[in-house]
Every structure is written in C-alpha cells, then in structure tokens.
Ligand SMILES: Cc1c2[nH]c(c1CCC(=O)O)Cc1[nH]c(c(CCC(=O)O)c1C)Cc1[nH]c(c(CCC(=O)O)c1C)Cc1[nH]c(c(C)c1CCC(=O)O)C2
C-alpha cells in the first residue's frame with residue numbers, strides 16, 4: 001500500500017522508473033501565490049510566518065492546492081540554523097537577511113551554542129512539520145531542507161547577502177583552522193536538525209548550496225564538499241537526499257560521488273553532460289526561471305524540450321527558485337505541461 005495518494009515524487013527520487021517526471025518548484029511556498037501575499041500582508045514580517053507553525057503549514061500547502069505540484073516543501077528558511085546556534089537574523093523588506101552580529105574571530109566562534117543544542121531551539125519548525133502533515137493528509141510527500149554548510153558559513157561571516165562574499169572567503173584563506181571549526185559546527189548542527197525534521201515527517205531532504213559558485217574548485221572540495229559529506233553520512237539512508245550546488249558545475253562529478261540520490265542542476269548546466277558525469281543518480285531541474293515570463297506556448301515548448309533532454313530519472317523543476325514576480329499562468333503552464341507528459 002502506498003503511503004501517499006501521489007507518491008510519484010518519492011518513487012522517482014529513489015530511482016524508480018515512473019510514467020512521467022514528478023514536478024515541483026523551488027521556492028514554491030510563498031512569493032508567487034496571491035493567497036500567500038494576502039496572508040503575509042497581515043503579519044509583522046517573514047519571521048512571524050516562519051515561527052508560527054499553523055501559518056507556516058498553511059503556506060506550505062497552498063501550492064499543492066493551487067498548482068497541483070507533486071511535492072510540498074516546508075515553509076521555513078535556511079537561516080534558522082545560525083539563529084539556533086546563537087546568531088539571530090532580521091529579514092529586511094526588499095534587502096534580504098541581515099545578521100546584527102557575525103563571526104569574525106575565534107572569540108566569536110566560542111560564543112556559539114554547541115551543535116547538539118540546535119534542535120531544541122528549532123521546535124517551531126518541527127511543529128510546522130507536524131501541522132503540515134495533518135493538512136496534507138497523505139496527499140503528497142513533504143520535502144525538508146537546510147542550507148549547505150558553506151552557504152550558512154557565508155551568511156554567518158558576511159552578515160548578509162553579497163556579490164563576492166569576500167569576507168567569508170577571506171576567512172578560508174586567513175584562518176583555515178577557525179573556518180574548519182565553524183564549518184564542522186554548522187554541519188553537525190544541521191545534521192541534528194535534519195534528523196529531527198525526518199522524525200517529524202520530512203520524506204526527502206534537499207541541501208541548498210546557493211553560494212557554491214563563489215568558491216574556487218579547491219576550496220569547494222576542501223571546505224564545502226567535505227561538510228556536505230559529513231551531513232549526508234550522518235543522515236544515512238533514512239530518506240532520499242538532494243544536493244544543489246548552484247553555479248558550481250565543476251563540482252557535479254564530486255557531488256555524484258556523495259551518497260545522495262538526487263542532483264539538482266542550475267539552468268546553465270547541461271543535462272546531457274551532467275548525466276555523463278554522475279552515475280546512478282536522479283537529476284532535478286533545470287528550466288531557466290525567467291523562461292516562465294515568456295508567452296505561454298513558448299513556456300510549453302521549452303518545458304517539453306527540457307523533459308526530452310533529461311529523459312527518465314528526472315524530477316522536473318526550475319534551475320533556481322521561482323522569482324517573486326513570475327506570472328502565475330507561466331508557472332501553471334510549466335506544471336501542467338509536465339503533468340501531461342508521458343515517457344515514450
Ligand atoms: C539563500 C537562501 C535563503 N533561503 C533559502 C535559500 C536557498 C535557496 C535559494 O538559493 O534561493 C531557502 C528557502 N527560503 C524559503 C524557502 C521555503 C520553501 C520553498 O518554497 O522552497 C526555502 C527553501 C522561504 C523564504 N525565504 C525568504 C522569503 C521571502 C520573504 C518574504 O515573504 O518577504 C521566502 C518566502 C527570505 C530570504 N531567505 C534568504 C534570502 C536571501 C531571502 C530574501 C530574498 C528572497 O526573497 O529570496 C536566504
């Protein structure tokens with residue numbers, strides 16, 4: 001008996017051959033839906049939504065109801081980990097995340113909480129998962145996620161977004177020992193947190209390395225991959241795992257050697273080349289998010305071309321999160337085109 005009314009996403013993620021690719025969109029929860037904007041407008045801000053389990057659950061389920069996607073992703077943020085380690089963030093409208101305090105030295109590092117203390121500060125996420133599972137009522141699987149250690153490190157050292165992440169990158173060159181300690185702390189806290197997410201019903205875990213692209217390949221191997229591996233090894237094979245190293249196409253062969261099931265591709269990556277670089281993995285992606293702004297017949301044509309290029313063992317998605325002002329009919333055309341497709 002199937003656990004879910006629609007288990008296509010999980011079957012595909014585990015490497016089974018399915019009748020069509022499953023489809024969902026990164027950042028589908030929030031942003032694009034009018035229902036989300038209406039709810040968000042009544043609240044003090046993003047953090048109130050993230051920390052109120054019933055509201056987070058409501059927003060998580062909206063795209064399942066409205067778009068008919070094959071998976072839900074829990075409404076939360078990757079920055080809950082720095083917060084749980086003792087480095088709180090603010091989300092500033094039209095600017096993005098800002099950390100009032102950052103890690104500059106060993107003394108700052110020593111003030112952080114130990115890794116195993118993180119989960120007890122993340123009870124609101126687990127409550128959101130519980131509430132979401134109830135609302136979903138076994139319709140589709142639920143994706144849990146976290147930032148990859150390098151991306152979290154980048155925010156904790158830089159203090160916010162940046163084009164170059166030069167402060168965070170300078171720490172890797174100047175203080176490799178401190179850098180390894182901080183990366184390890186983040187990785188262990190994230191692993192503990194994700195085990196909690198799995199025990200509260202997350203059916204697959206996706207790791208977002210959004211700032212992978214700013215590291216030279218040697219640093220990506222020495223710092224980023226090493227701690228991604230630590231998390232993946234800690235989680236074992238409890239649920240399938242997806243890795244997304246955005247803008248780091250040089251790393252695809254190494255990611256293919258990790259014990260993950262799914263490799264997410266950005267929209268620049270070539271599916272055929274990636275397929276030849278990783279063996280025995282499912283690929284996820286990778287339509288250009290901006291393609292959804294095109295006339296609808298073009299959205300359909302490009303989606304079909306992408307599906308043909310990937311072939312089976314594919315989960316349809318964009319090459320990065322859906323942008324907030326994406327036309328909703330473009331999103332729906334993308335989803336429906338995948339849902340009407342069948343492998344030949
Ligand atoms: C780098 C990163 C962050 N957060 C995340 C990443 C990795 C993915 C990526 O590369 O896009 C991941 C994330 N953030 C959010 C989710 C929810 C689930 C989903 O729909 O995928 C997920 C998976 C909600 C959110 N996280 C944020 C919003 C917008 C907040 C609002 O409603 O004002 C949402 C819905 C805020 C956020 N959070 C972050 C930034 C830079 C910002 C501000 C800019 C932006 O909107 O993306 C950090």
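Glycine residues also receive a Cβ, built from the backbone N, Cα and C atoms like all the rest.
No curator has checked TrEMBL annotations; they are predicted automatically.
Noted in TrEMBL for the protein shown:
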BINDING   27, 28, 29, 30, 31, 77, 155, 210, 320  substrate binding site
DOMAIN    22-31  domain 'Uroporphyrinogen decarboxylase (URO-D)'
DOMAIN    143-159  domain 'Uroporphyrinogen decarboxylase (URO-D)'
SITE      77  site 'Transition state stabilizer'
- Task: Provide the number of Cβ atoms within 10 Å of the Cβ of residue 77 (site 'Transition state stabilizer'), excluding the reference atom itself.
- Result: 18
- Tell me, roughly as an integer, the mean pLDDT over the domain 'Uroporphyrinogen decarboxylase (URO-D)' (22-31). 94
- Message: Just to verify a number: CA distance, residue 27 (substrate binding site) to residue 77 (site 'Transition state stabilizer'), in angstrom, no decimals.
- Response: 10
- How far is it from residue 31 (substrate binding site) to residue 77 (site 'Transition state stabilizer'), counting Cα to Cα, in Å? 13
- Message: For the binding-site residues listed here (27, 31, 320), tell me which residue's CB has the most neighbouring CB atoms inside 10 Å.
- Response: 320
- Per DSSP (three-state), residue 320 (substrate binding site) is coil
- Are there residues of the same chain, six or more positions away from residue 155 (substrate binding site), whose CB falls under 8 angstroms from its CB, and which are they? 79, 82, 89, 97, 99, 147, 161
- Give the distance between the Cα atoms of residue 29 (substrate binding site) and residue 77 (site 'Transition state stabilizer'), rounded to the nearest whole Å. 11
- Three-state composition of the domain 'Uroporphyrinogen decarboxylase (URO-D)' (22-31), taking helix and strand from DSSP: 0 helix, 1 strand, 9 coil
- Query: Counting by DSSP, what is the helix, strand and coil composition of the domain 'Uroporphyrinogen decarboxylase (URO-D)' (143-159)?
  - Reply: 10 helix, 5 strand, 2 coil
- Message: Tell me the Cα distance separating residue 320 (substrate binding site) from residue 77 (site 'Transition state stabilizer'), rounded to the nearest angstrom.
- Response: 15
